[in-house]
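Annotated features, as they stand in Swiss-Prot:
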| type | residues | note |
| --- | --- | --- |
| TRANSMEM | 10-30 | transmembrane segment |
| TRANSMEM | 464-484 | transmembrane segment |
| TRANSMEM | 488-507 | transmembrane segment |
| TRANSMEM | 511-533 | transmembrane segment |
| TRANSMEM | 555-575 | transmembrane segment |
| TRANSMEM | 582-602 | transmembrane segment |
């Protein structure tokens, strides 16, 4: 029979729509503005007393508190107004001190039964939630030049060790230049370098009677250095962003040499730039002898709080400036280890310090500039007030203490670690002492929370007006079939929101534009179908046959048009940046949902209403 679906197909469509309604429902529950409290270190746990103290301080400061709670992640205080978030953060930070991290957050109000089903609202982009956007550019040329200088030092150290006489020449065209007065020295140097430095292309040349050895990095090694630099800077930036106490920050790579940092809720760009640009370092020191004088030792805490403090010698062997690489791996027995590489000068210093101290322990001290807030009295508008002044304090902690098994050089390894997790963390900390390459701020943008809320309101208005005008147009043109298309359009919006929520896609202002565009594209499919039905009726077909042929013959055109649009969406996503990607994601998901609602859902409703009935005329 024409225009009839089997029962299973109706049930399948109902099931898909039900899932759509369930997973789009969390977006009906707006998040509460909140401040989140956690310990600055894993050893410090937030207690209910801390939360109560913070809540009381907020109430005393005239900031309305909606509710508070305590979980394994820390304390959460919900506020009534979003504009109170920044003042609340300052009050709580001042009340609890620098031992606690106070972060701006948005607390979900989704009912428990929806959360158990995995339902959560869409994430909002920076243009809708407010915050700071930075685009950092990594100077890759400086990264290559710095690594080349390290290799130059190592090559010269090798030649001096093997007593090969050479003349030092300046680096030229990304290549180390070495001059020799005789071919015998050149050949010996070439053989030594080729043996110990496999990542170099060694080419002999002759210039003005001087024999020159040109030592250049291979293209593969250059690519490896650039990749390492961007990854290392990405890791360091992530570590520094964590100190800002921001809920759900975004730190991701963009292109070959750029890093995007988005900090929702942050309005103080100066503080964010200070944190991102701050420095950390490392020190390698020998553990103090039991009979050492107190004046010659210094005691340090471990980064791991369960271990007791250890006295170390005041003399520093090398610093993190000499560490060129650190990576986690496994030894020949499958045990975790950390491989460390030093520059030429660092290797000499390390060898000098360890060759007579085999059997003693050596510690790696991590030095970090921690942000603290101090309060000073200042005159503000003729009134003396306490004003927060951001500052940094130096914190030194031991991250590794290992026994020296043999004299060390510019390459050595740390073993005796508890597991691969500890080796990975140690390697990360050894690399986090600084940036692998200089960075500068290529772009900076601040979006206030009120502007974000205004963008949301305007986006909702645009979507509603768009849906209203599209619905009126299609109802006027196609009458009762226009009503069916409008219902399908509403289902399409529900399905699109549900799909974005399930996938965890971020909704941005261009994404809202994609939603409005999706409405027109969804109705476009209905227009093709209904126009085809009109044509078949005009050609003298019966009502049932016209409906059947209208849907079937329009399908190919709809599929071709939507596949072409999906291809464009894919290209936009692959080639575009943040805002363009947001638009591409929403548009592409909207195309998928519109094909389902315009073809399957609309057909199901038409079949239920008109299928199997003897209609002489259609309201189309």
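Indices start at 1 and increase along the chain as displayed.
Just so you know, glycine gets a Cβ as well, placed from its N, Cα and C.
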Within-chain partners of the transmembrane segment (464-484) [C-beta distance under 8 Å, separation at least 6 from its ends]:
490, 493, 516, 519-520, 523, 526-527, 530, 533, 602, 605-606, 609, 618-620
Grab the same-chain neighbours of the transmembrane segment (10-30) for me: Cβ-Cβ under 8 Å, and only residues 6 or more beyond its ends, written as numbers and ranges.
108-111, 114, 117-122, 491, 494-495, 497-499, 501-502, 596, 600-601, 604, 608
Determine which residues of the chain contact the transmembrane segment (488-507) at the Cβ level, with the cut-off under 8 Å and only residues 6 or more beyond its ends counted.
16-17, 19-24, 26-27, 118-125, 128, 463, 467, 470-471, 515, 518-519, 522-523, 526, 582, 585-586, 589-590, 592-594, 596-598, 601-602, 605
